[in-house]
Amino acid sequence: MRYEQPPGPGIGSTPILSVEGLRKRYGEQTVVDGLSFSVRRGQCFGLLGPNGAGKTTTLRMLLGMTMPDAGTLQLCGETIPGHAHRARMRVGVVPQFDNLDPDFTVSENLQIFGRYFGLPAATIRKRMPGLLEFARLEQKADAPVRALSGGMRRRLTVARSLINDPDVLVMDEPTTGLDPQARHLIWERLRSLLASGKTILLTTHFMEEAERLCDELCVIDNGRKIAQGKPHELITHEIGCDVVEVYGDDLPALRTLLAPLAERVEASGETLFCYARDPQPLVATLRSQTETHAMPGLRYLHRPANLEDVFLRLTGREMRD
């Protein structure tokens with residue numbers, strides 16, 4: 001049995017999740033500060049932000065696990081936190097950290113989780129083969145969870161979140177700690193869920209993940225929304241030009257040389273980021289410097305702007321703990 005649903009209707013016009021004026025304080029610290037956004041049915045919506053921006057706290061309030069200090073929340077037609085239990089029956093959750101039971105087998109983890117939703121044993125048994133196939137764990141059904149690789153455990157966690165056939169998936173950094181192959185497999189599975197009509201709300205630190213999966217993004221910092229839009233719109237609006245990354249032994253001299261040829265130059269560590277609408281003069285200058293060995297150790301990379309450029313422009317390049 002495959003985990004299949006009728007083809008999804010695409011992205012709807014009615015929000016399945018709405019957040020308005022959400023606030024949360026811990027003592028003197030405001031963690032979420034007047035946050036508002038909505039997610040439409042069938043959409044993949046991404047929450048982006050540096051560490052401590054308020055992403056996980058926002059998810060906890062959406063699920064009724066943390067009480068907001070102000071604001072309104074609606075999830076699957078239910079008011080949160082008043083009817084959080086009813087809403088959660090229609091939601092699947094993929095937490096940031098693994099919370100599978102290592103003493104049980106793959107199948108037992110699915111069975112036990114299904115009971116939390118009050119599902120009949122027959123319903124759980126009917127859904128399990130499709131979920132195991134979805135996670136590519138058919139051959140591991142009777143294996144203990146502790147024997148699985150990190151990628152297998154993460155796929156099982158995603159499959160487990162589907163046991164109640166949810167309308168919405170809430171995913172907190174779903175591919176953290178995975179190697180590239182495992183990450184791409186998770187992305188493939190998430191795209192199939194979106195195609196079937198599921199709605200996904202995710203947080204992630206992987207900008208490529210957000211750019212590949214998300215229909216819309218909300219960037220938050222210090223608990224506030226600082227930008228929202230489709231990935232390509234954010235790239236065009238916030239960056240709007242090509243990027244040339246420059247590495248060399250003498251960054252001050254390189255900056256002096258290149259600044260007149262770029263709209264903007266930013267330094268981060270041992271790298272200069274040069275933003276240019278017409279990058280050819282800049283690239284030609286770098287090529288000349290490389291060919292004549294005028295600047296030892298000089299290397300450069302010319303590329304289109306991407307979502308990571310947007311993220312760093314909006315939130316800064318300083319390290320966050």
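Indices start at 1 and increase along the chain as displayed.
Note that Cβ sites are derived from N, Cα and C of the backbone, with glycine treated the same way.
Listed in Swiss-Prot:
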type	residues	note
DOMAIN	17-247	domain 'ABC transporter'
BINDING	Gly49, Pro50, Asn51, Gly52, Ala53, Gly54, Lys55, Thr56	ATP binding site
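Cβ neighbours within 10 Å of Ala53 (ATP binding site), excluding its own Cβ and spanning all shown chains: 23. Sequence-distant contacts of Gly49 (ATP binding site), defined by Cβ-Cβ distance under 8 angstroms and a gap of at least six in the same chain, are Lys55, Thr203, Val219, Ile220, Asp221, Thr315. In the three-state DSSP assignment, the secondary structure recorded for Gly49 (ATP binding site) is coil. With every protein chain in view, the residue among the binding-site residues Asn51, Thr56 whose Cβ has the most Cβ partners within 10 Å turns out to be Thr56. Sequence-distant neighbours of Gly54 (ATP binding site) (same chain, 6+ apart, CB under 8 A from its CB) are Lys24, Val31, Val32, Asp33, Leu35, Ile220, Asn222, Gly223. Look at Thr56 (ATP binding site): DSSP puts it in a helix. In the structure as shown, the Cβ atom of Lys55 (ATP binding site) sits within 10 Å of 25 other Cβ atoms. Every protein chain shown contributes to the tally, and the Cβ of Gly52 (ATP binding site) ends up with 15 other Cβ atoms within 10 Å.
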